[in-house]
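Swiss-Prot annotations:
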{"type": "ACT_SITE", "residues": "His263", "note": "active site, proton acceptor"}
{"type": "BINDING", "residues": "Gly38, Ala39, Ser40, Gly41, Asp42, Leu43, Ala44, Lys45, Arg72, Tyr147, Lys171", "note": "NADP(+) 1 binding site"}
{"type": "BINDING", "residues": "Lys171, His201, Tyr202, Leu203, Gly204, Lys205, Glu239, Asp258, Lys360, Arg365, Gln395", "note": "D-glucose 6-phosphate binding site"}
{"type": "BINDING", "residues": "Arg357, Lys366, Arg370, Arg393, Tyr401, Thr402, Lys403, Asp421, Leu422, Thr423, Arg487, Tyr503, Trp509", "note": "NADP(+) 2 binding site"}
{"type": "MOD_RES", "residues": "Ala2", "note": "N-acetylalanine"}
{"type": "MOD_RES", "residues": "Tyr507", "note": "phosphotyrosine"}
Amino acid sequence: MAEQVALSRTQVCGILREELYQGDAFHQADTHIFIIMGASGDLAKKKIYPTIWWLFRDGLLPEDTFIVGYARSRLTVDDIRKQSEPFFKATPEERPKLEEFFARNSYVAGQYDDAASYKHLNSHMNALHQGMQANRLFYLALPPTVYEAVTKNIQETCMSQTGWNRIIVEKPFGRDLQSSNQLSNHISSLFREDQIYRIDHYLGKEMVQNLMVLRFANRIFGPIWNRDNIACVILTFKEPFGTEGRGGYFDEFGIIRDVMQNHLLQMLCLVAMEKPATTGSDDVRDEKVKVLKCISEVETDNVVLGQYVGNPNGEGEAANGYLDDPTVPHGSTTATFAAAVLYVENERWDGVPFILRCGKALNERKAEVRLQFRDVAGDIFHQQCKRNELVIRVQPNEAVYTKMMTKKPGMFFNPEESELDLTYGNRYKNVKLPDAYERLILDVFCGSQMHFVRSDELREAWRIFTPLLHKIDREKPQPIPYVYGSRGPTEADELMKRVGFQYEGTYKWVNPHKL
């Protein structure tokens with residue numbers, strides 16, 4: 001058998017664009033200007049600039065593309081380069097291309113609420129136009145407190161008159177239903193829905209995007225994907241590190257607003273939704289909204305909140321608790337861990353608990369979807385059989401595997417837990433997967449909104465969590481302490497057991513592949 005030739009990142013992304021957009025979704029001859037609002041910030045230097053570089057390096061951006069940074073700080077392109085280049089992972093062979101990339105960069109300093117600053121920015125962009133059509137893409141890498149002023153000034157002063165205009169908005173999209181609606185109404189008064197791209201980077205993850213294919217391209221899953229066969233669904237997001245000196249920002253939002261209300265709820269929608277009419281953006285998002293409308297507000301009896309404390313045996317950061325972070329307010333009751341149970345009240349899912357778990361300073365880095373199936377009826381193996389599970393692991397080491405029972409090799413007729421395993425690092429070992437931000441920013445250039453959050457999705461998501469969040473903000477319940485590096489509060493395990501999840505602790509996964 002001939003050895004499989006490794007695909008380059010360019011080939012992978014090129015195939016992706018060809019398949020999704022037939023290669024002609026944007027005109028290569030047009031001028032495209034990518035404006036990073038908040039270019040001096042952490043998100044810009046660690047994610048946005050590196051992502052634009054990767055797309056530029058691999059030839060995936062339109063040929064006539066310019067990158068303009070905008071922020072209040074008095075900086076130069078050289079300053080931006082020094083801040084962001086360490087995250088580019090550029091090789092010595094890529095130096096000439098890197099110089100070409102920064103030659104297409106410029107920077108404009110200005111205030112976020114000053115009309116004169118935006119007129120200066122607009123004049124700068126007009127000078128870059130070379131083709132008949134000029135398209136502008138604004139990325140708001142900014143705190144939500146300045147969204148209203150920035151979007152108003154962009155709409156009044158900086159819109160292209162000869163091409164399309166698109167705006168990318170980063171989470172958090174408000175703090176609750178009221179503030180989210182206020183922000184959405186403001187932005188919707190300035191831009192059409194097809195111009196607004198609310199980014200949740202988890203929707204750009206390989207395995208999150210794979211959920212639709214797994215469900216709707218495999219007949220074997222269709223008949224069992226319902227309440228008759230599935231006992232519960234667990235959606236997990238775990239980080240092995242704490243706030244690491246950035247707790248002041250995190251403390252304003254907490255783990256529910258930061259992870260559960262967006263990342264985990266989006267994954268829930270993809271698990272629970274009905275088959276869309278097409279893979280078109282609005283058809284997919286219509287089905288997600290239908291799921292959200294079937295979910296009642298979270299009940300406090302179905303929620304566990306935790307906050308990590310230092311590990312007495314830990315070293316370095318692990319020895320510190322959340323309250324030891326000097327940026328965290330003294331005595332803060334903000335949760336760094338949350339577990340919540342939701343129910344999708346429709347014919348397919350009635351009575352099936354969807355358990356959402358997320359937290360910081362836990363025992364591992366992991367994001368996954370786990371479907372646990374019901375017990376086999378008519379047990380003939382004397383309670384030796386464990387429940388089947390289908391696991392979609394988003395990170396690390398993307399994988400799909402099924403826990404199942406097989407006969408243990410040998411003379412005796414004993415069942416044993418095993419797995420059917422698709423680990424991406426083994427099956428696709430020569431394929432380099434694009435980063436989530438690469439996929440999503442390429443989607444914006446191509447005008448595809450399938451992996452972005454629509455305003456009615458956002459409204460329903462906040463409706464589900466706002467009463468709980470208001471109660472937490474008002475009553476400030478004391479979160480349950482858990483040790484840095486642990487699995488989280490044992491009360492969360494008890495909640496999961498109460499609603500029907502069975503954790504046996506007997507399964508030992510043996511990785512047959514060396515990743």
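Don't overthink the numbers, they just go from 1 along the chain as shown.
Every residue, even glycine, has its Cβ placed from backbone N, Cα and C.
Mapped onto this structure are the features recorded in Swiss-Prot.
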residue: Gly38; record: NADP(+) 1 binding site; contacts (Cβ under 8 Å, 6+ apart): Ala44, Tyr70, Ala71, Leu140, Ala141, Leu142
residue: Asp42; record: NADP(+) 1 binding site; contacts (Cβ under 8 Å, 6+ apart): none
residue: Arg72; record: NADP(+) 1 binding site; contacts (Cβ under 8 Å, 6+ apart): Ser40, Ala109, Gly110, Gln111, Tyr112
residue: Tyr202; record: D-glucose 6-phosphate binding site; contacts (Cβ under 8 Å, 6+ apart): Val208, Asn262, His263, Gln266, Met267, Ala367, Val394, Ala436
residue: Gly204; record: D-glucose 6-phosphate binding site; contacts (Cβ under 8 Å, 6+ apart): Asp435, Ala436, Tyr437, Glu438, Arg439, Leu440, Asp443, His451
residue: Arg357; record: NADP(+) 2 binding site; contacts (Cβ under 8 Å, 6+ apart): Ile234, Leu235, Thr236, Phe237, Lys238, Ala338, Ala339, Gly488, Ala492, Met496
residue: Lys360; record: D-glucose 6-phosphate binding site; contacts (Cβ under 8 Å, 6+ apart): Glu239, Phe241, Gly242, Thr243, Ile255, Tyr308, Tyr322, Thr336, Phe337
residue: Arg370; record: NADP(+) 2 binding site; contacts (Cβ under 8 Å, 6+ apart): Val233, Ile234, Leu235, Thr236, Glu389, Leu390, Val391, Ile392
residue: Gln395; record: D-glucose 6-phosphate binding site; contacts (Cβ under 8 Å, 6+ apart): Lys205, Met207, Arg365, Lys366, Ala367
residue: Arg487; record: NADP(+) 2 binding site; contacts (Cβ under 8 Å, 6+ apart): Leu362, Asn363, Asp493
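Comment: D-glucose 6-phosphate site residues Lys171, His201, Tyr202, Leu203, Gly204, Lys205, Glu239, Asp258, Lys360, Arg365, Gln395; largest CA to CA distance 22 Å, whole number. Shown are the recorded positions Ser40, His263; of these, the residue with the fewest other Cβ atoms within 10 Å is Ser40. In the three-state DSSP scheme, Glu239 (D-glucose 6-phosphate binding site) is classed as coil. A distance of 35 Å separates the Cα atom of Lys403 (NADP(+) 2 binding site) from that of Lys171 (NADP(+) 1 binding site). The two recorded residues, Tyr401 (NADP(+) 2 binding site) and Lys171 (NADP(+) 1 binding site), have Cα atoms 31 Å apart. The maximal spread of the NADP(+) 1 binding site, taken as the longest Cα to Cα distance among Gly38, Ala39, Ser40, Gly41, Asp42, Leu43, Ala44, Lys45, Arg72, Tyr147, Lys171, is 21 Å. In the three-state DSSP reading, Ala44 (NADP(+) 1 binding site) counts as helix. Its Cβ placed at the centre, Glu239 (D-glucose 6-phosphate binding site) has 17 other Cβ atoms within 10 Å.
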